[in-house]
């Protein structure tokens, strides 16, 4: 029996930062299937377009009524009557025909908005899973051509100290994460992470005062830390105090594009201070040396966006220097875009993809980006955005694609824990048919 789309309705809802975002209800004979899209704060310039209204009289210009109108008036009429199991056909219709906008990196979604297209793409996935009478993660695995007899549960990369554009402190690097690779299961990994998180809170309170334990957009703490060493020392202390030395490692998201000066090709590690300390302005080569020193001193297993999104040369230098032992992840560099991934492969610029579905704007293209990366023996980390919703789609996606790693914030704030809690449910439902990635989070688990 064909399960056709009978109705599509989009609405404007609020994300975790209080900004508007797009939610879609898609109806078939099996019921209503809902999806909501996230949005980022530190966005890469090569991301597909997130359509905002720019009407300063509503939500300070951040409204998404244009995207809503595009769904209700342009996309919905074309999709009604189509079979919800035709994911690729529907995504291609939206991206290539109804939108059709392109730039040098592929389909840019600048006409209808990636936020409009993605919301429908996700809702279609949920409807397709119901039509096939399988869970969303099993259906996504089928779409990706992955085996679904034994699924992989990811290591959670929990963002517990915030800096960069996500925080009001002086810390230039954006995220410091704890990675419980030594746990025997996802459930235990989450427990390790939560215990380290609470231990860290006590350490911060002791050292910086009670008001230093306020949390940022992703649930991490943002004490008035001045540099990366100070943050890493705090993490090492918290991990040790919680009893998980050797079992919990560290990952960083530098988000270096946020403090890169393209005119003189330097990185300002004091970019949040009006009269910055000139000794903290570094060349790319000096930054390479800084990362090498940090990796020698601390149990760092992954570094994301260590350089600007166009600094291919220094990416390649760092990957050549430490890529065997440390995952070098491209986020702003790659923006989940198969064309950018291909360029990075040619230049040996990094060895892992950060997979953000809203950077590329459709589930079909996100799967393509993942498969291209895995085919070339890269790691893949599925990721949230700093402006999130209660939608848990990425929890199912990470299990389906067998990537072995996910970052979706600290074990704090409901829009973050919603994803972790969904992974707990998935692990429970799979029972013996689940394997936890653990120490092998970088390896091919396909």
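Glycine is no exception: its Cβ is also placed from the backbone N, Cα and C atoms.
Copied over from Swiss-Prot, here are the features:
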- 42: Mg(2+) 1 binding site (BINDING)
- 166, 175, 304, 331, 383, 384, 385, 386, 407: substrate binding site (BINDING)
- 138: ubiquitin cross-link (CROSSLNK)
- 42: phosphoserine (MOD_RES)
- 133: N6-acetyllysine (MOD_RES)
- 139: phosphotyrosine (MOD_RES)
- 339: phosphothreonine (MOD_RES)
- 375: N6-acetyllysine (MOD_RES)
- 104-108: motif 'Pentapeptide insert' (MOTIF)
Go through 133, 138, 166, 375, 385, our recorded positions, and report the one whose Cβ sees the most other Cβ atoms within 10 Å.
385
Beyond the flanks of the motif 'Pentapeptide insert' (104-108) by 6 or more, those residues with Cβ under 8 Å of it:
46, 48-49, 95-96, 335, 337-340, 361, 365
Among residues 166, 175, 304, 331, 383, 384, 385, 386, 407 annotated as binding substrate, what is the maximum Cα-Cα distance? Answer in Å.
16
What counts of helix, strand and coil residues does DSSP assign across the motif 'Pentapeptide insert' (104-108)?
0 helix, 2 strand, 3 coil
Cβ atoms near residue 383 (substrate binding site) (within 10 Å, other residues, all chains):
27
Cβ within 8 Å of the substrate site's Cβ centroid: which residues qualify beyond 166, 175, 304, 331, 383, 384, 385, 386, 407?
40, 159, 174, 218, 253, 354, 356
Are there any residues in the same chain, six or more apart in sequence, whose C-beta is under 8 angstroms from the C-beta of the residue listed as 'phosphotyrosine', and if so which?
125, 128, 129, 132, 400
